[in-house]
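Contents: one structure, followed by commentary.
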Amino acid sequence: QGRILEKTGLCSQITFGRYVRQGRKLGLDPKLFIQDLKFNEVPVRVYQPKDTSDGPRRGILFFHGGGWVFGSLDTYEKVCRYLSRESDSVVVSVQYRLAPEHRYPAAYEDCLSATQHFLQHLEHYGVDPARVTVCGDSAGGNLAAAVSQTLAGSSHLPRLRAQILIYPGLQALDFNLPSYQQNRGVPLLFRERAAFFALLYLNGDALHIQEVLKGCHIPPDMRLKYRKWVSPDNIPEEFKVRGVKPLRPTDFVAEVYETVKRIHEPNLCPLLAEDSVVHQLPESFILTCEYDVLRDDGLLYKKRLEDNGVRVTWYHLEDGFHGIISLYDYCGFSFPSGKRGLDRVVNFLKSL
């Protein structure tokens, strides 16, 4: 595996990408206690407001984005400090294992494990058991949704108060939804990269990326089964006005499916969870961006949650693009709409 990655130049690409995205070590924060710990062997960074509080605070588990391949505690340091300060919450940022070295379900298992540990030790951090939220952006939004689904039926831990999904990637069945067609070449996430990251997380390689982009990896009966949840028909018409064309179904290639057959597991694609799980989910906040291949994943999940009686606060950045939140105060520059999105997250947290 490693040799294939080396041959394609993938290892050096990933190493370079991680280096570029690693973020800078920041100095002390006058308003926060910040410490690096391990929860069930998973590295975490805990942010606690220094001010005294009338009672227990909110708790937030934060899972960073980066396609399951990039990202670190340092990359999201400014975002986590902002969330902790502005919403007066204890934030736990989780450093899950990254692909391709660690394949699915490693990242999911780390996030679940850290969350379970935190839920068992809330008192130690002065956190209110009735106000713990999972939050993540992009791949981190995927992990937050998966963790939330797993804990939805759990009776021995405090129930999550909410889930916050910031332009999450929630399915790898269909890379030709309207948002994938419209925004295929829009930075920071191109259509090909979205499939590339999903395959790297699933298999540690992206050998069948072209077939997966076309949709050859899904058996016809499975396509039929999930059509009720993953279909352009479930996306409001106003999102289809920019260049969308109906595509002919592609031929199924069994050998490709063999290599990706775990692709319909809800821990990887939370959009495919059964209704019996979805209706137990906590109140949800979903942020989508117009210029983002993952926009429709968020819209489809919003519909699924609402159809199952889950309360959803949805915020759409009409001028937003994928990754805009992670660029908050990045090297001294910030996008006003990214700040707007982050402030909406803070307002939602304050309402809990």
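Even glycines carry a Cβ here, placed using N, Cα and C.
Keep in mind it's a predicted model, so treat the numbers as computed, not measured.
Annotated features in TrEMBL:
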ACT_SITE  Ser138  active site
ACT_SITE  Asp292  active site
ACT_SITE  His322  active site
DOMAIN    60-206  domain 'Alpha/beta hydrolase fold-3'
DOMAIN    250-325  domain 'Alpha/beta hydrolase fold-3'
One finds that other Cβ atoms within 10 Å of the Cβ of Ser138 (active site) number exactly 30
Does anything in the same chain, at least 6 positions from Asp292 (active site), have a Cβ under 8 Å from its Cβ, and if so what? Tyr167, Ser179, Asn183, Val186, Leu189, Gly320, Phe321, His322
To what whole number does the mean pLDDT across the domain 'Alpha/beta hydrolase fold-3' (250-325) round? 97
For the domain 'Alpha/beta hydrolase fold-3' (250-325), DSSP counts of helix, strand and coil? 31 helix, 19 strand, 26 coil
